[in-house]
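Before anything else, here's the structure in question.
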Amino acid sequence: MSKLRFFQSLLISTVICFFLPSINARGGHSDHIHPGDGNYSFHGIVRHLFAQEEPTPSLELTRGYMTNDDLEKAMKDFTKRCSKISRLYSIGKSVNGFPLWVIEISDRPGEIEAEPAFKYIGNVHGDEPVGRELLLRLANWICDNYKKDPLAQMIVENVHLHIMPSLNPDGFSIRKRNNANNVDLNRDFPDQFFPFNDDLNLRQPETKAIMTWLRDIRFTASATLHGGALVANFPWDGTEDKRKYYYACPDDETFRFLARIYSKSHRNMSLSKEFEEGITNGASWYPIYGGMQDWNYIYGGCFELTLEISDNKWPKASELSTIWDYNRKSMLNLVASLVKTGVHGRIFSLDKGKPLPGLVVVKGINYTVKAHQTYADYHRLLVPGQKYEVTASSPGYKSKTTTVWLGENAVTADFILIPETSSRGNQLRSSCDCSCKSCGQPLLTQFFTETNNGITLTLFVVVVFLCFLLQRRVRFNLWKQRQSSRRSITV
């Protein structure tokens, strides 16, 4: 009977595998850093190049730009016009009480899905307003084209895109870099090298709103839009000794890849004579501390770029259409990169068949990606054209490792983890009495030579049949994913 119970256990495990939740982690068309840990903070150290006081833009120059009220109305009008693929929400308020509005674009806005999330933030500095104008144009372009343009459709169906045109509405209203408390918001985040000011309550309301936002939503990647140069900037932004030199983060290759996506899609960013390929490591350009970019990567688990998208901080409004034309393709391709490449998947427990929030690491890269709490989906951005050893783990379960060759298209790698002490293992042990001479025989041989042959054979046939159905299901999923050029692996 103990052997019969073993096969019953085997049958149950197979059924669980067969009926695993059918939600796929979408994100693809064919000491260790643990993001989210720690609570360091700091008050900013001046980044000399753009932190210098500059003349306030004239009132004449601001004509043609949306006021804060204009922007709010435009965002509300947008979500009414495009209600099927968008929603409007606020993550908090500025010092002067203006809502920090965000537009979410997705085929299922407001719902939790096993998809990567991307955020764009504009107007971090009040006197750099181009981003707020371009981000609203981006939202409208996607709304107008997602039914007819493949790239727009890909983004709507496979990504949750969050667009915040203005993080610093107070600074914009007075045409100044800093917020209403005269604090540079891009120097107000926790920093890995200078953890001064550990009191969260001493941070600016805009900063706290961003930090809370990233606790609520697990973003895969992000970009902030700035003005005053033409370059895609990536981590690290600072160095431990405050000197200026190239200081690479663990995912340096991936960040360079993402930065090149933007610069090479841009009309002329990659042609820069100052920055090779139109990209730069922040610390090699000029170090800053307390920046949003590094904080996103360390504490938020989010790959963020700082995009300088116009040589002039506050160009004439008549130039906005040209700047939009130069940046539109770059902005779209950067978001689409989340689903075009990388390794994506979900983690399950074998014993219960449920999503298992865990950790994913890649050998040789000192960085950990966390799977989402709800669907246990993960989205690991990596450079195409390389082989990676990917490991999934979760407390109380045996880790699993697989080798992935990442070509030009994304790969799905789902992991099914076995408990450290599984019920099946206990049944195996209980079925073997050390005083029994036959314990050395193969288990299946024992079954087929004892009196339970008929029942055992029936169970065996059922298990084989379910495995056959499971293989067909996997092949069908692979066929569907191949239609979008995505490979799939189950480990």
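Every residue gets a Cβ built from N, Cα and C, even glycine.
Taken from Swiss-Prot, the feature active site, proton donor/acceptor applies to E308, supported by sequence analysis. Marked as substrate binding site by Swiss-Prot on the basis of similarity to another entry: H125, G126, D127, E128, N186, R187, Y286. Swiss-Prot lists H125, E128, H226 with the feature Zn(2+) binding site, giving sequence analysis as the kind of evidence. Per Swiss-Prot, domain 'Peptidase M14' is recorded for 64-338. The N-linked glycosylation site annotation in Swiss-Prot covers N39, N268. Positions annotated as signal peptide by Swiss-Prot, on the basis of sequence analysis: 1-25. Feature annotation from Swiss-Prot assigns topological domain 'Extracellular' to 26-452; the stated evidence is a curator's inference. Under the heading topological domain 'Cytoplasmic', Swiss-Prot lists 471-491, citing a curator's inference as support. Annotation source Swiss-Prot lists transmembrane segment at 453-470.
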Using a 10 Å cut-off between Cα atoms, which of these recorded positions sit near H226 (Zn(2+) binding site): N186, R187, N268, Y286?
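So the list reads none.
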Among H125, R187, all listed as binding-site residues, which has the most CB atoms within 10 Å of its CB?
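The largest 10 Å Cβ neighbour count belongs to H125.
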Using a Cβ cut-off under 8 Å and a sequence separation of 6 or more, which residues in the same chain sit near E308 (active site, proton donor/acceptor)?
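When sequence neighbours closer than 6 are ignored, E308 (active site, proton donor/acceptor) has H226, G227, G228, A229, L230, V231, A232, N233 within Cβ distance under 8 Å.
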Per-residue pLDDT averaged over the topological domain 'Cytoplasmic' (471-491) comes to what?
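Residues in the topological domain 'Cytoplasmic' (471-491) carry a mean pLDDT of 51 in this prediction.
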Y286 (substrate binding site) has how many other Cβ neighbours within 10 Å of its own Cβ?
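Looking across every protein chain shown, the total is 15.
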Among the recorded positions N186, N268, which residue has its Cβ surrounded by the fewest other Cβ atoms within 10 Å?
N268
When you measure from the Cβ of E128 (substrate binding site), which residues in the chain that are at least 6 apart have a Cβ under 8 Å away?
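Spatial neighbours, sequence-distant, of E128 (substrate binding site): R177, L225, H226, G227, G228, K313, W314.
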Sort N268 (N-linked glycosylation site) into helix, strand or coil using the DSSP assignment.
coil
With Cβ-Cβ distance below 8 Å and at least 6 positions apart along the chain, what are the contacts of G126 (substrate binding site)? List them in sequence order.
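Residues satisfying the criterion: N168, D170, G171, F172, S173, I174, R175, K176, R177, N178, N179.
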Round to a whole number and give the Cα-to-Cα distance in Å for the pair Y286 (substrate binding site) and N268 (N-linked glycosylation site).
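A Cα-Cα distance of 22 Å.
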